[in-house]
Amino acid sequence: ELVVPNLSYRTGPYAANGIPYADGFNDYFTLLNERDGGIGGEMVRVPECETAYNTEKGVECYESTKGDGALAYNPLSTGITYQLIPKVTADGHVLYTPGYGRTSAANGKVFEWVFNYPANYWDGASIIEQYLMGKAGGSLEGKKIALVYHNSAYGKEPIRTLQELAKRDGFELELLPVDHPGQEQKSQWLQVRRSKPDFVIMYGWGVMNQVAIQEAVNIRFPMENFVGIWWSGSENDVRSAGDKADGYTTVSFHGTGMDFPVYGDIQKYVIDAGKAAGAGDEVGTMLYSRGMYAAMIISEAIRKAQEIHGHSAVTPAEVRDGFEQLDLTEARLNELGLPNFAQPIQATCADHGGPGSGLMYKWNAADGKWDAASDWISADSSVIDPLIAEDSAAFAKENNIAERCN
Amino acid sequence: MPDIVLYAAEVTLNGLMAGVLYALVALGFVLIFKASGIFNYAQGVLALFAALTLVGIQKGQVPFAHLLNAMTGKHYTNFPWEVPALVAILLAAGVMVVLAIIIEKLVLKHLVNQAPIILFMATIGMAYFLEGFGDVMWGSDIKTLDVGLPQGINETIDSVTYNMFGYGFFIDNLDIVAAVVAVLLVAALTVFSQYSKQGRALRAVADDHQAALSVGISLRFIWILVWSIAGFVALVAGIMWGSKSGVQFSLSLIALKALPVLMLGGFTSIPGAIVGGLIIGVGEKLFELLIGAPFLGGATENWFAYVLALVFLVFRPQGLFGEKIIERV
Amino acid sequence: MFYREAGDFKTSYREDSQTFPIKFDRLRYYVVLAIAFGVVPLLINDYWANAVAVPFLIYAIAAIGLNILVGYAGQVSLGTGGFMAVGAYAVYKLMTAFPEVSIFIHVLLAGGITAAVGVLFGLPSLRIKGFYLAVATLAAQFFLVWLFNKVPWFYNYSASGQINAPERTVFGVFVTGAQTSAMAKYMFCLVMLTIVALVARNLTRGTVGRKWMAIRDMDIAAEIIGVNPLTTKLSAFAVSSFFIGIAGALFFAVYLGAAEVGEAFGIQKSFLILFMVIIGGLGSIFGSFAGAAFLVLLPVFLKNVLVGTLGWPTDLAAHIELMIVGGLIVTFLIAEPHGLAQLWRVAKEKLRLWPFPH
Amino acid sequence: MNDMSDGYVTADGRQIGGVIMEMKNITLRFGGVVAIKDISFDIRDGEIRAIIGPNGAGKSSMLNVISGFYIPTEGEVMFKGVKRGPMKPYQVARLGIARTFQNIALFDGMSVLDNIMTGRLTHMKSGLLAQAGWWWTGAAKEEDEHREKVEKIIDFLEIQNIRKTPVGRLPYGLKKRVELARALAAEPKLLLLDEPMAGMNVEEKEDMSRFILDVNDEFGTTIVLIEHDMGVVMDLSDRVVVMDYGKKIGDGTPDEVRNNQDVIDAYLGVAHD
Amino acid sequence: MLDAAKTDTTLLEVNNIEVIYNHVILVLKGVSLNVPKGGITALLGGNGAGKTTTLKAVSNLLKSERGEVTKGSITYRGERVQEMSPADLVRKGVIQVMEGRHCFEHLTVEENLLTGAYTRKDGRGAIQADLEMVYNYFPRLKERRKSQAGYTSGGEQQMVAMGRALMSRPETILLDEPSMGLAPQLVEQIFEIVKSVNENEGVTFLLAEQNTNVALRYAHYGYILESGRIVMDGPAADLRENPDVKEFYLGMSDEGRKSFRDVRSYRRRKRWLA
Ligand SMILES: Nc1ncnc2c1ncn2[C@@H]1O[C@H](COP(=O)(O)OP(=O)(O)OP(=O)(O)O)[C@@H](O)[C@H]1O
Ligand SMILES: Nc1ncnc2c1ncn2[C@@H]1O[C@H](COP(=O)(O)OP(=O)(O)OP(=O)(O)O)[C@@H](O)[C@H]1O
Ligand SMILES: [Mg+2]
Ligand SMILES: [Mg+2]
């Protein structure tokens, strides 16, 4: 039996986002169990633990599940991730944080137990910038970009990157912080209305997203010029603004929508069998797909570990090897029923960060779905790699960590 | 006119509008405080619960669907009907009255004559309970709330001001509706509490539970009455805020925006709620514009509202319109 | 029948005013101490330390601190989260600036710094009273959180804005950082709690405590009797913040290890600790312990029962857990508004009379 | 009366000293309400001085002026011959002026013993740090010393058996007694009593009278007494000030006051025996 | 003075009640009394005897102080009232004037009086008329009608509390220490008011009083309560002649009233004074 705890949140201020993610995560493992009899013949158990997006509860969940032979953790919270990094390092568990968490964990030389491929916050900023550059006709010179961000560690992540990019590409960056929870954003949007930026980038979470999109609609900011990071791009965020949100764009590091063969299996083995984690109405949505993506990566890493070590009941340490040598090819994705759902990943000892690429989705209000608005875009590693090296070096120094992989 | 002045004028107007929205929430607090000396922390959750109920009724959701499904293994979600907005609002108001009756019966009745802080804590307990209850009853996903209120920029104001100053002011239609509703509510409630017999009884209860009992005021009736009204006010606030952000847990946090308003206007004054709201709304927006954003890195609104209220309080410890705190020996 | 004061005569005022005047109580108290210091450390594992014991000890410190302010001096504060943040950031700055100084001293200094901040935010209490003051203290809460979030100096310019506790030892044993053993964490916090509880007890049983209580019960009369409201209120703020600062420092350095201010020290924390104080019993040190234990254990317990034993879906369990916690709080307040401590006292009073009613 | 510059001898032969407190042309207004109108009188060392008058006459307000809680709108308060500047009530308390309150102002959450111990505040020295140390810093020792004095007062007022009871639970009359104990614990020079016997039956009033007389007698404590029971006032006091509607309408020995026609009209109704 | 015709029906009957506070403190240990219709009944006793508790037990105000009647019964017009709310009782005509004033501090004097008429349904005119009646009884209140009650003097507050009760047009008034803190002529006045209300409006009174002297002059019947038990009862005239009552409650000895100054001499002097 393989144990992959799901530290989820279905209550609290971010429940609306936590639910579809957790459902996707659970349903994918249920699918593996029901259809394939688990991974490599071992059934997967996914004990769920409610964190309410609260770090203390997150720690409690970690402590209560870790004795159970847990193979990997995916808490979907940057705060909890920071708590867990030292703990998993000491205890020997994998912490997998796709698209969130500590960005510099992409450096496997310092962070042995943490993986955040395929992309991180800084990648996201770079991808969005490149997309906007394309929209602006190839150059952002003299343009103005406003960043509306959640005034927390998470929201502040892209600032450094964007500042570097602004210097290089000659655009002006305007910072507009929004305090938790973000119900009142009049000041920020009046400011946007006045300073008329060409583009607005959003790093938000929870209710802040909905209010921001609504306010942008209200001031008639052109939706195509309003781009959110992947955490600001779920159906929930755009729906409450109605038709006017049409055109709002978000970046994602995986596909979404119902066009993937795997959904047929999920429908058949999970939902119709009455084994779905949720009501079944979230299947194929952005956050559901993301939860499923995380589950898929973890299961592939486990498979890899089984392959490397030659037995099916793998240990947490062996799963770490699986993560580190993960080789997710296009062919494998096709096999999984997820063609072009994600970019191939070839992890190494040093590279825990993946390709750092994403694609843009535009909200189609009429059909109520996300339409792809670009092909895969890769982050500009020349800007991001030095930042990662700097931050991880600082962490290594603070914690007396010797670099690996040399 | 210089640009910054025009802009400041626009920000001020929007501040006024935001203030009205805060006042809507603060009103609920004032009512209950006035009638029982209870600082009702659950007011925010009440607004959430009211909005959830409204949406649930409107969309024909099956209450407790999740619980039922978990127990029976079925898949209930919705009834095959939708309810017109107005009817749904009336039904939701009815639910709030029922809730008031239950709260009186299960909680308040047993806490007559207790210290204010105990009552305050009881309302926090209630807030927890209601939050969980609302989730179980209606689910914790985001719901869009649409009762047909206009939203978005008001074209008339935009074009009029554009013609006058060459700069169109932005005022949200929803805010205008909220302002009208708030003013009506405040006027009605002020008349009720100052000039009616029930209003007088309500203030008596706030002063001294026991003495009120001894002259034959039925605490039960007064409390049900006020909590029902407060529930209705919460419903109105829930509609306004919910239209903007969808209905979800965070809606209950608007209470935090109302507290400085309450403090500044005075816990016991209905007109104080609106005046306090306006001052806070304008104050925090202007501060953010003129000092917060340019010099302090922004996002100052949350604390500034409190600090502003605090400064007022140092000069008037009972708030602008609150009843003077009687200090005698 | 053995629970009696009869036969337990006091021959001096000192004996009469001691903490546990009844022999049996005194005995029980020593037994508890012995278990806490001698038995628990040997049995404790990661789960119990991190999920229950350490948070309990730290919250108990914070609750004692807040109880001094609210329960003894009658000044309701909702700024506890903010003050804990001061403690946390102070200890972080001290730990990184002076790595060679003992963490023990840093924690105490962090308490001292918090005390200073507390006095500053306590100044309005001279004019503002009751709920107005309670709401006013939220200004401290929001301002402090904003400040620590905004000024990079506080988090040593780290890219993420998070603070991470470096590794520190006491007598060569790690007490902070990832390598800390469950036992070390537990013992460090336990020692701190014991000191704090002792000091709090001493302060509250003498003149200082009486001044606080006098201001609480009737401030005007107290002033006419000769209590200086300025120094009395501010001393309450200082002492309370001192303890809360220590709790914040431990919470960050020993318990969490890494923290982000808005998340770890938000307004929810303020409410949580106020809850502990009130459920436990205002104006009772024992109550602070009881309240902290209750509110740390209850959710863990409920979660284990609902999810672990009954196997409910986590979200349903979480919602019902909220309902139960809320419902229990209300039930408790109705049953005994003066908290667990009073419940305990009444039980003892009954026991003393038992088996004869009245 | 003001001609007796160096005291006088009372009817029962006690020697009364010089003026220790003098109220000069005190006026006190609250918005439109004039609570005290241009009143002057003095209090002499060792005497029992009563203030009487109908309800709302301004008696309690006068006491509040003396104890520094109200600042008079006009006029001045002379204490031991010097003008008392604007002072906070707690500073006045440190001058040796203690009082009881008309609407009992005990600290409800504290035990009787603790309430009385607060009375000794002005005499206790150990500060915050000393308190924190308790045994090693001597705070415990100081506490014991004061406790001993307080116990004497407890014995004196015969409230031993309720020592540990929270005052909130006590019946009215006992509360009044505890209040007196708290005031006595301060070992005041000047003791202000605002209706100490309201709500008591005759037996209890007798007890209270005895306490008041004993305090006055043994320690030479000067006492200002407000009381509506004419029997008590006439029997206990040496001199009486009579107020009506904020004005002084009489001042003199009980006998003088009793026969003053203004006083009879305004207050007594019928001449008291 | 004692009108036999009025007193043959018992209005209020308290039957052997026990009251416990906070689940542990036993205060009343079996108190029984009868209040006849149209009479003035006095409840006398020292501090802490349980007078207030008895009155609150009748008016059902104990619950809000965490007290409860654990034994015995209370009937009004033969109907058990223990389960009724205080408001129901007021509607039935029983109102209590609480000890220690209990005014609504933030309401003006006049608003305080008007709350007394809360349960009345007989229209504005009648209420206005009664307001005038109360002002007639207490002219001082008319002067202060617009002041917040919290700022009036102790005696004025007592008048407000009395006036407020009269405003409800009650059948029975439970008066707790009406004379406390009132100037002598006002005490007489209040009792005169009690008497005239009793005689003219036929209102029944049950009053707890410390001022035994006045109480027994105006009451028809008296009960003496000591530490939770009735120790003596009888017509007021008889009680006044009882030597023990004279000694302990009236302060009279054979040679008339003794001086408060003299009490000291016959009591033992305290140890610490020696
Ligand atoms: N703080 C205040 N604000 C307004 N009016 C006040 C204040 N204090 C007292 N008064 C008024 O001043 C007058 C005198 O009040 P005071 O309490 O001194 O009367 P008193 O002589 O003690 O009467 P009693 O015998 O009834 O206690 C009263 O009419 C009272 O209403
Ligand atoms: N809320 C309470 N909790 C506990 N004990 C109480 C409470 N109220 C009263 N008691 C106790 O009940 C007893 C009777 O009190 P009660 O107030 O009835 O006396 P009383 O006869 O009215 O005295 P007084 O003349 O002083 O008003 C007292 O010993 C008192 O300590
Ligand atoms: Mg007075
Ligand atoms: Mg009484």
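Numbers here mean position along the shown chain, with the first residue as 1.
Cβ from N, Cα, C; glycine included.
Where the annotation comes from TrEMBL, it is an automatic prediction and has not been curated.
Some features that TrEMBL has for this protein:
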{"type": "TRANSMEM", "residues": "C:27-44", "note": "transmembrane segment"}
{"type": "TRANSMEM", "residues": "C:50-69", "note": "transmembrane segment"}
{"type": "TRANSMEM", "residues": "C:76-95", "note": "transmembrane segment"}
{"type": "TRANSMEM", "residues": "C:101-123", "note": "transmembrane segment"}
{"type": "TRANSMEM", "residues": "C:130-148", "note": "transmembrane segment"}
{"type": "TRANSMEM", "residues": "C:183-200", "note": "transmembrane segment"}
{"type": "TRANSMEM", "residues": "C:236-259", "note": "transmembrane segment"}
{"type": "TRANSMEM", "residues": "C:271-296", "note": "transmembrane segment"}
{"type": "TRANSMEM", "residues": "C:316-335", "note": "transmembrane segment"}
Problem set entry | Chain residues outside the transmembrane segment (C:183-200) and at least six past its termini with a C-beta under 8 angstroms from it | 33, 36-37, 40-42, 44, 49-50, 53-54, 57-58, 60-61, 64-65, 67-68, 107, 170, 173-175, 239, 243, 246, 250, 254-255, 285, 289
Exercise. Is it the case that the transmembrane segment (C:76-95) and the transmembrane segment (C:316-335) have 3 or more CB pairs under 8 Å, with pairs at least 6 apart in sequence?
Worked result: no
Seminar exercise, completed: Tertiary contacts of the transmembrane segment (C:316-335), defined by C-beta under 8 angstroms and 6+ residue spacing from its ends, are 275, 278-279, 298-299, 302-303, 306-307, 310, 343
Seminar exercise, completed: Residues outside the transmembrane segment (C:130-148) whose C-beta sits under 8 Å from one of its C-beta atoms, at least 6 past its ends, are 75-83, 85-86, 89, 117, 121, 124, 154-155, 261-262, 265-267, 270
Exercise. What same-chain residues lie close to the transmembrane segment (C:50-69): Cβ under 8 Å, and 6 or more beyond its ends?
Worked result: 40, 44, 75, 77, 80, 84, 182, 185-186, 189-190, 192-193, 196-197, 200, 203-204, 212, 236-237, 239-244, 246-248, 250-251, 254-255, 272-274, 276-277, 280, 282-285, 287-289, 291-293, 295-297, 300
Exercise. By a Cβ-Cβ criterion of under 8 Å, what residues six or more beyond either terminus of the transmembrane segment (C:101-123) are in contact with it?
Worked result: 75, 79, 83, 86-88, 90-91, 94-95, 137, 139-140, 144, 168-170, 175-176, 192, 233-234, 236-246, 248-250, 253
